[in-house]
Amino acid sequence: MKTLFVLRISTVILVVLVIQKSYADILECDYFDTVDISAAQKLQNGSYLFEGLLVPAILTGEYDFRILPDDSKQKVASHIRGCVCKLKPCVRFCCPHDHIMDNGVCNDNMSEEELTELDPFLNVTLDDGSVSRRHFKNELIVQWDLPMPCDGMFYLDNREEQDQYTLFENGTFFRHFDRVTLSKREYCLQHLTFADGNATSIRIAPHNCLIVPSITGQTVVMITSLICMVLTIAVYLFVKKLQNLHGKCFICYMVCLFMGYLFLLFDLWQISISFCKPAGVLGYFFVMAAFLWLSVISLHLWNTFRGSSHKASRFFSEHRFLAYNTYAWGMSMVLTGITVLADNVVEDQDWNPRVGEEGHCWIYTQAWSAMLYFYGPMVFLIAFNITMFILTARRIIGVKKDIQNFAHRQERKQKLNSDKQTYTFFLRLFIIMGLSWSLEIGSYISQSNQTWANVFLVADYLNWSQGIIIFILFILKRSTLRLLQESIRGEGEEVDNSEEEISLENTRFDRNVLS
């Protein structure tokens, strides 16, 4: 019995020792405060002499793994590490101390000429708040064998006001422009070549991981918006009374908006990366088509109140929807064709739309070429819509006055009120859509200013919410819900295909306008 007890105790002790050896090699020491000291001199008492620093045995351990920045473990050859950063301040390098960084890649040993150009000093902020200028190799321990923080990195040039930073004695790093504090697993330093006029210099520069904004909020809003777009289209297809010319144009607009936002969502999730350029072209086509259909709606509203009794106008009225389709889809194809042609022919990057470049399956919106191919047409169409809505408002006021001089005033007044409601709802649509896209243009113009970029983030969320806003405006209003209930009960299935025109010579009463 005693033998069995001793055996169990021995087993427990062995397991504890194995676990401690594997998972707690150096007690109370962060892996990112250690360096590989396998090549250092080992003393009889188990201590190591590393770069003139005595590392006691209690601060050493044998590792057969390395910890990656995401806290996962990667199997490596067994080696000895020392918690030297507890004994002397460390500086976290991306590569060996005599290598130079070039486009995020570590290059081999620097030449003698490069070594003479190197500025080896760093400004280190001490615990008492004072700043000390220290030689990176003679006064600090260089940690160069830690895993790279990430694949994509950018460097900071502290000669620029927006690239200022503070390096602390304990290894933490403070980035000034967004006031973010980084640990040693999130940044690294390395020698980098800088242009100084006609000459070059080599200095130690911090490299940070590319800032990838969280897409959770955008994803939730865009998915909700897309669902609302589908519901809006479904209601307009289901309720026959909504399928007059206004309704048909509105359905086309919603389909274009849905497809454009779907490709934006694919780009956000990087689903379209395998067919990036075609996805960017299709997304551009549908967004431009959405703007053109919005201009069709504003033009049709103006034409509705303008009215005409000419034979040519009546002939056009019978084929108006076909004409609108030809204009909207045709102009979208023309704009897309010009963009694709420029993308393949224009060599100057300042004039090339650069579809599918810089990691985004869309037109490159960080350059001024976007104003020519994307925001320019957008500004023109917004200006056109504003003009049409102003002219329509003036016509409504004029018709309202003229009605007083004709017989059947009550019928004409009802017709005018119905069309006014249609105008009001589409005016709201344009104000919201036009405002959101106008803010988007403002965001594009001020993108180099971080403060204004944060302000215009509101515009982004407003843009992503367009489907939700349209659903509330057009579906959740009382008259549409009433028509939906009637359609579900099988009532009011007739569609009035007559044109919704206000003409002083020939006015027809139409109950089926969207109201």
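Glycine is treated like the rest: Cβ placed from N, Cα and C.
Since this is a predicted model, take the numbers as computed values, not measurements.
Taking the topological domains listed in Swiss-Prot, Thr304 lies on the same side of the membrane as Arg482.
Looking up Asn123, Asn463 in Swiss-Prot, the residue bearing an annotation of N-linked glycosylation site is Asn123. Candidates considered were Cys90, Cys95; Swiss-Prot assigns the disulfide partner of Cys106 as Cys95. Only one of Cys83, Cys90 is recorded by Swiss-Prot as the disulfide partner of Cys85: Cys90. Among Cys29, Cys150, the cysteine that Swiss-Prot records as disulfide-bonded to Cys83 is Cys29. What Swiss-Prot records as N-linked glycosylation site, among Asn198, Asn385, is residue Asn198. Listed as Cβ neighbours of the transmembrane segment (249-269) (distance under 8 Å, sequence separation of 6 or more from its ends, same chain) are residues 215, 218-219, 222-223, 225-226, 229-230, 232-233, 236-237, 243, 279-280, 282-283, 286-287, 289-290, 293-294, 296-297, 300, 321, 324-325, 328, 360-362, 464, 466-467, 470, 474, 514. Each of the disulfide-bonded residues Cys83, Cys94, Cys95, Cys106, Cys188 was assessed for Cβ neighbours inside 10 Å, and the highest tally belongs to Cys188. In this structure, Asn45 is the one among the glycosylation sites Asn45, Asn109, Asn123 with the smallest number of other Cβ atoms inside 10 Å of its Cβ.
The two recorded residues, Cys150 (disulfide bond) and Cys29 (disulfide bond), show a Cα separation of 23 Å. Cα to Cα, Asn170 (N-linked glycosylation site) and Asn109 (N-linked glycosylation site) are separated by 28 Å.
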